[in-house]
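J.: Quick one: the structure is below, questions incoming.
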């Protein structure tokens, strides 16, 4: 099994890149977003790899990060979502945007991907809400912070830090999370708890995405 490839960009097709690793060209299928972000031909790059073996073929799928690879696998756990559809979804939604869409039960976000209709979008939302470990844990954190934390005011810096951690666990970049939480803190005031800060930040990120 191949878990990672590091080499030179040789050429690109509609849905794949040929990666030259020590003179051997590997055909790696990628989302449109990943392909667009690859360096120019002849430049070095590294991709996290998911290897899928069938009776008549072996296919490699490449991702800019391990988080993207895990979402690729998780998306395929939904009935009706194969590798092609999973890549199509990742072509229009970043990991953090997938999480936001699931949390908001946003069918339209998934329906933007080729091959995803209203019924499949609804199935993805229903199944991944329970299957995504990071999502489930973070939503639980949000719920706890919003209820059990009532009446106990945490220091503002601690609440901000906790809210940022929640967003990072949901797949957002730390800098992106910090900006969103800072905006939430400014809007809600210094006494806001981590749960409220994270919830508002998620709303801000969903609107800006």
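Positions of Cβ are set from backbone N, Cα and C atoms, glycine also.
Remember, predicted model here, so these are calculated numbers, not experimental data.
Okay, so Swiss-Prot annotates it like this:
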type   : residues : note
REGION : 1-64     : region 'Domain I'
REGION : 65-143   : region 'Domain II'
REGION : 144-154  : region 'Flexible linker'
REGION : 155-209  : region 'Domain III'
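Give me the lay of the land around each of these features.
T.: Each residue in the region 'Domain I' (1-64) has a pLDDT score, and their mean in this model is 95.
Secondary structure of the region 'Domain II' (65-143) per DSSP (helix as H, G, I; strand as E, B; remaining residues coil): 59 helix, 0 strand, 20 coil.
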J.: What is the three-state DSSP composition of the region 'Domain III' (155-209), stated as helix, strand and coil residue counts?
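T.: Going by DSSP assignments, the region 'Domain III' (155-209) contains 44 helix, 0 strand, 11 coil.
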